[in-house]
Each structure stands twice: as C-alpha cells, then as structure tokens.
Amino acid sequence: QVQLVQSGAEVRKPGASVRVSCKASGYTFIDSYVGWIRQAPGHGLEWIHWINPNSGGTNYAPRFQGRVTMTRDASFSTAYMDLRSLRSDDSAVFYCAKSDPFWSDYNFDYSSSEEGTEVTYTVSGAWTLPSVFPLTRCCKNIPSNATSVTLGCLATGYFPEPVMVTWDTGSLNGTTLPATTLTLSGHYATISLLTVSGAWAKQMFTCRVAHTPSSTVDNKTFSVCSRDFTPPTVKILQSSCDGLGHFPPTIQLCLVSGYTPGTINITWLEDGQVMDVDLSTASTESQGELASTESQLTLSQKHWLSDRTYTCQVTYQGHTFQDSTKKCADSNPRGVSAYLSRPSPFDLFIRKSPTITCLVVDLAPSKGTVNLTWSRASGKPVNHSTRKEEKQRNGTLTVTSTLPVGTRDWIEGETYQCRVTHPHLPRALMRSTTKTSGPRAAPEVYAFATPEWPGSRDKRTLACLIQNFMPEDISVQWLHNEVQLPDARHSTTQPRKTKGSGFFVFSRLEVTRAEWQEKDEFICRAVHEAASPSQTVQRAVSVNPGK
C-alpha cells in the first residue's frame, strides 16, 4: 500500500524557519516525483515545488523562489522541504503528494497525485479562534417521559486544527461523538454531541473548547433545552458628583429588570477584564411574571478618573447582556480647555525628577488673574510649582503650571489635582491624574536599518519598533556611541493600541553617510515601568553592513 507520512503540525514565529519531511513507502521512491501543495484559509490549492528523487532536480513556483529548498534522502525514501522567513500568510494546510511514475515535469497538476497526506503549519499569531455555540432542543419538543437527551456544542471558524472538546456532565454519565469538517473558507468546524440519561432535566452542562495552537479555552454552560423567555434590560446608573470639588468614591448601580425568572449571573469588567472585587448584589424581586435585580460597584476616584470603561455583564439563559459606562469628558466654559499630563518614564526612572504639568488653553485675555492651584488627594503638602503664561497668535492666553512630584509618591499611586479659577469662569475647572492602573507588560524592542534607497545615498534611516507594552506611558531615546541624541533628531509616534491588550510605538532616526561610514553604533532605548531590572530595554543597530 502506497503511503506518504509527513512530520507533525508545528507553530513558528514570524521570520523563523520550518523543515517538513515526507516519508514514502509502498512503491519505488526514485520512480515518482514528490511535491508539496498548500491551501491557506479562504484560498484554493497552490503548488509550491517538486523534486526528482532520482536526480535531485527541483522546480519551484516563482513566489516561493529563494525561500524554499527541497532535498531528498533516497536511502530513507524521504523528501524534505525547508521554508524560511516565515510570514503570517504562510499558515496553511500542506499536502505532500507523489506523481504517476515517470511523469513529465510539464504536466504536473493536483489531480495527478495518487496518494497524499496533509498537515497544518502555522505562523505564530496567524490563527483564527473558534466561535462556540451551544446546540439544544426546544423544551416543548422533548417528550415528558424521555429517559435520555442529546445536546451539542459547535466550534466553528477556527484555524488551524486541532480543538479539544470536553464536557462537564456533573454526576451523569454521557457519551460524545466528535466530528470535524473543513469549510469552504479553509477554516474548520467541529460538532461534539453529548447524550445523557437520568435526572437531566434540571442539570446544567459545560462544554469546554480548547484551541491547542493558540492555547485558548472557551467554556459554554447551558441547560439541556431552550425555553421561550423575556431577556433582561441592563442599565448602569451612577451616583452624582460632589459639587464642592471633593473626590469621594463613586457608586455604579447596575439595574437588571424585566426578565423571565431564572438563574442569572452578574459580572463587572474593567476595560474588558473581569474585576476581582467584592460586589453588592440584591436578591431577585418579582414584578408580576417577570423579575429584577441589581448589583452595586464602588469605585475610588483614582479608578473612576482613569478614563477606563466599566461594564456590567449579565449572563442569562446562555446569552450575554451588558451595559458600559465611563467618566464623561469634562465640559469647559467658553471653549476653555485644561489638560493634566503625567510624568514621562524618562523623568521618573532615569533623571529621578518627575514633574506633572497643568495646561490651560484658549483663555480670553482680561485683567483678572488665572489661578492654578495644586493639591493631593491624601491631603499632604505639594512642592513649589513654576508658572508660565504665553499669548498666542489668535489672541488667546495659554497658562502652564509645572509641579515636581516625588518618585515614590507617584509610584505608590498618589492622586494630584489641578484647580483652575478665574473671575470670568462660571465655575472652577478640576483635573486629576495618577499612576495608570491595570496589568503591566514590558516592551519588546526591535531596531533595524532600512535598505538604501536610490536618491538617498547621503542618508540612512534607522527604525525602532517597540510593542506589546502596558500601560501606554513610555519614553524613547536614541543613543549615538552611548551618547544620548537630542529629541529633535528623531521622530516617535504616539502609543497606539495593538489588536491585543498592549500598545506599540514606532521611532525613526536619520543618520548621515559620515556617521555610518565610521561604523558607529546606534542604540534605541525604551524607558518603561514594567521593564526590568532598570526600567529600560535597548537594542543596538549598526548601519554598516560589515559590522
């Protein structure tokens, strides 16, 4: 029997390499050409190359030229494919195939493969996560005397394989029947069926879907059948502000009303992450045939003023309902705007002299005095601040007040407030700032020189990608032979959100021909609170190719 057996599925990072083997048996290895074909999600079959096992001659598809090498070891009846410089679009199902004996290299087509095997190779981050759906019958369609019932779990739209589907059946015994199919889009779908017997009517079941390549897990808990129900209305209300300018905790009240009585679960999220806090949840109240309940979340001013989004998430009958809230942008009288900036990581961790700045813009010139007053939420005294006024070309006035803060005070989470008053303002403007809360992640730094470009022979561009850091506060410097360059020498973008939960920035530095001909070294340095041990991560790059 003819068999072609490939090496197992693998996950590789972008830029890495992978070696695939295909061992043949059941025929004379040197009599038939061996080749590889791949199918990426949402695409058709694509020929990569073939090899003549007898002579070692190869033929490669143009788009893979230079990135693929095919070899063979006739003594082991094995062909090898080495794929280099992997990209995200290299994630695909790869098929190893053989030709009819002694076929011409001009008539290769996919239908000529007598035997073939498939295996999936994935570039890290290029996978698609499964969507998971419970499959149940309507309760009214299940006979009252039924001794067993079948329910299912559908995982669809994922790539690559595999997923593992398991069930939590409590004290009941069950049997499962998994089935996997490849959809027209190139993604996979799996259905797992569970048949249970016994006292199943009031039992809840959990379907656990684990996507092995991405190391993600999705759980769905549901009952054996679905009933008609009225879904809840979810609304968040919050306590009123203190008009005296004080900063008491705020109360977020989540009202869940108008739903058919049944089990309900309420969870609070902060920027999409489950909050580990003590909640006050009222007991369910009946409203005729419907029910209502509520959950209360208390937030400190530090958290509320951090501009984070808070979500009340309600799980009911296998469905999710939610409402979200965040601090509204402060309204400013007469177009006046006030901004409060946090200290830069460079000032905080390198210079050890952090400052925060209160900036007031678009003030109309008048004889009255603009007062900027600093305070701390702890009530402790503040340092002496410096003040600067500047008249703009449009006739408005800009006022800046800079306050030195203690490094330890800032790191430990002190909240600072700037209060702006003026005789012509109907009310004071209040701004607060504190250390960003939430998860921490150190930056990844990649520095490289761009290729020379025609017409730019007197210059060379160095680039620095800094990514996957949290929170977003970061400082970027360039060093030339270990001497820091002025900020005016380079351009750095503002932090932007990645598709995940982190941030990234891109920095660009132009160097002269004289600098790179001296074989000088340039360093891109990122200063961030999560970097260890000294809050800095740096990468060196030489624009001289011989270095």
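Using the three backbone atoms N, Cα and C, a Cβ is placed for every residue, glycine included.
Here the structure is a predicted model, which means the values were calculated and not measured.
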Do you know which of Cys418, Cys524 Swiss-Prot records in a disulfide with Cys464? Cys524
Going by Swiss-Prot, which one of Cys96, Cys207, Cys225, Cys241 is joined to Cys139 by a disulfide bond? Cys225
If you follow Swiss-Prot, the disulfide involving Cys254 connects it to which of the following: Cys153, Cys312, Cys328? Cys312
Under Swiss-Prot's annotation, the disulfide partner of Cys153 is which of Cys138, Cys207? Cys207
Based on the record in Swiss-Prot, give the one of Cys22, Cys241 in a disulfide bond with Cys96. Cys22
For Cys358, which disulfide partner does Swiss-Prot record out of Cys241, Cys418? Cys418
What is the pLDDT of the region 'Variable (V) domain, involved in antigen recognition' (1-124) when averaged and given as a whole number? 77
What does DSSP assign Cys418 (disulfide bond), in three states? strand
Using a 10 Å radius on the Cβ of Gln1 (pyrrolidone carboxylic acid), the other Cβ atoms enclosed count 6
Is it possible to list how many residues within the domain 'Ig-like 1' (1-120) are helical, extended or coil according to DSSP? 15 helix, 55 strand, 50 coil
Between Cys22 (disulfide bond) and Cys207 (disulfide bond), how far is it from one CA atom to the other, in Å? 36
